[in-house]
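Asks: Sequence annotations record features per position, and here Swiss-Prot assigns [CaMn4O5] cluster binding site to 173, 192, 335, 336, 345, 347. Feature annotation from Swiss-Prot assigns chlorophyll a PD1 binding site to 201; the stated evidence is sequence analysis. The quinone binding site annotation in Swiss-Prot covers 218, 267, 268 and rests on sequence analysis. Annotation comment: Swiss-Prot describes 218, 275 as Fe cation binding site, evidence class sequence analysis. As annotated by Swiss-Prot, site 'Tyrosine radical intermediate' applies to 164, with the evidence given as sequence analysis. The transmembrane segment annotation in Swiss-Prot covers 32-49, 121-136, 145-159, 200-221, 277-291, and the record cites sequence analysis as its basis.
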């Protein structure tokens with residue numbers, strides 16, 4: 001018998017999905033989507049909407065699990081500085097706490113379910129953004145270093161929002177989503193782990209401040225050695241055309257200036273190695289900081305330079321480490337003051 005089955009429906013469906021896939025993967029769009037973008041856009045939109053809503057409207061959260069809720073929303077008297085999305089309750093611990101795990105929406109808000117919602121959607125969305133960076137570079141035939149550089153802030157955020165709460169046993173120990181909450185997290189982290197004395201944190205400080213210094217030095221050197229292509233009464237910027245093949249500044253002039261200002265080998269004579277250094281310095285340092293936070297999440301503080309100095313007779317030689325330790329004890333006994341029966345956490 002002759003097969004009269006109509007294949008036009010499948011042909012139309014195939015052409016439709018071919019168009020959709022072509023649109024998703026097109027590098028000609030004003031905003032590249034990509035396979036990772038399908039995941040990234042809804043996740044980041046959900047995280048952003050939930051964060052803004054919670055920052056403005058969320059009711060107080062029982063962060064310590066002792067029935068003393070803490071208000072973080074603007075409608076409860078906070079301002080931009082003091083406002084925050086309060087971390088999930090200590091009564092929840094590290095349990096996954098979607099809204100259907102609570103008896104009702106009010107209970108979910110009271111236990112800080114919004115924090116987990118925002119943090120997990122944000123981390124997954126930021127990870128998808130990093131994957132999208134790699135995917136777009138791959139489509140254009142570029143090298144993959146852009147997504148490698150973005151991995152630094154991603155692992156740093158993952159360390160304070162995910163790894164540290166898991167290591168400490170509760171999302172209530174995660175960093176609050178607000179300005180003053182961030183400072184509170186830093187003070188408590190210092191009190192409990194003495195991170196200022198950790199070499200990995202020191203590397204991170206060198207990365208951030210050093211990266212700022214190197215960026216300012218590079219930008220000022222380039223701006224000071226631009227090749228003049230215009231008359232004296234016109235801005236140097238007019239002499240630059242987007243996509244031009246000619247160099248826009250004299251690296252030899254910048255190299256000669258800086259080499260004589262400091263010393264010869266402090267200056268790069270290769271533009272490629274220079275820009276790789278500018279990218280690698282802060283990225284590697286922030287990797288180390290994230291690693292330090294992640295190890296301290298599990299109370300592995302053995303690398304700290306916080307030991308007191310004892311002479312051969314057993315007498316204490318006062319040092320900066322002792323001053324910092326005393327300050328840490330003061331901060332430790334003051335935070336979560338109603339939740340503790342002892343000066344130190346029994347962690």
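A Cβ is built for glycine as well, from the same backbone N, Cα and C atoms used for every other residue.
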Asks: Far apart in sequence but close in space: which same-chain residues, 6 or more away, have a Cβ under 8 Å from residue 218 (quinone binding site)?
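Replies: Result: 274, 278.
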Asks: For a quick check of understanding: among the binding-site residues 201, 275, 335, which residue's Cβ has the most other Cβ atoms within 10 Å?
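Replies: In terms of Cβ crowding, the pick is 201.
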Asks: What stretch of 32-49, 121-136, 145-159, 200-221 shows the most Cβ pairs under 8 Å to the transmembrane segment (277-291)?
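Replies: Most Cβ pairs under 8 Å with the transmembrane segment (277-291) come from 200-221.
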Asks: Between residue 268 (quinone binding site) and residue 335 ([CaMn4O5] cluster binding site), find the distance joining the two CA atoms and give it rounded to the nearest Å.
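Replies: So the Cα of residue 335 ([CaMn4O5] cluster binding site) lies 48 Å away from that of residue 268 (quinone binding site).
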Asks: Specify all same-chain residues, apart from the site residues 218, 267, 268, whose Cβ lies within 8 angstroms of the center of the Cβ atoms of the quinone site, ordered by sequence.
Replies: 217, 221, 254, 255, 258, 266, 274
Asks: Where does the residue listed as 'chlorophyll a PD1 binding site' sit in DSSP terms: helix, strand, or coil?
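Replies: In three-state terms, the residue listed as 'chlorophyll a PD1 binding site' counts as helix.
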Asks: Which of these recorded positions is closest to residue 335 ([CaMn4O5] cluster binding site) if you go by CA atoms: 164, 201, 267, 275?
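Replies: Comparing Cα positions, the closest of these recorded positions turns out to be 164.
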Asks: Counting only residues 6+ away from its ends, which parts of the chain sit with a Cβ under 8 Å from the transmembrane segment (121-136)?
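Replies: Same-chain contacts beyond the flanks: 27, 32, 34-37, 39-40, 43-44, 46-47, 50-51, 144, 146-147, 150-151, 154, 157-158, 161-162.
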Asks: Take the transmembrane segment (145-159) and find every residue of the same chain, 6 or more past its ends, with a Cβ under 8 Å from one of its Cβ atoms.
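Replies: Distant contacts of the transmembrane segment (145-159): 122-123, 126-127, 129-131, 133-134, 137, 276, 279, 282-283, 286-287, 289-291, 293-294, 297.
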Asks: When the number of other CB atoms within 10 A of each residue's CB is tallied over all shown chains, which of the recorded positions 164, 268 has the maximum?
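Replies: Buried the deepest by this measure is 164.
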Asks: Can you tell me which of the recorded positions 164, 201, 267, 275 is spatially closest to residue 173 ([CaMn4O5] cluster binding site)? Compare CA atoms only.
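Replies: For residue 173 ([CaMn4O5] cluster binding site), the spatially nearest of the recorded positions is 164.
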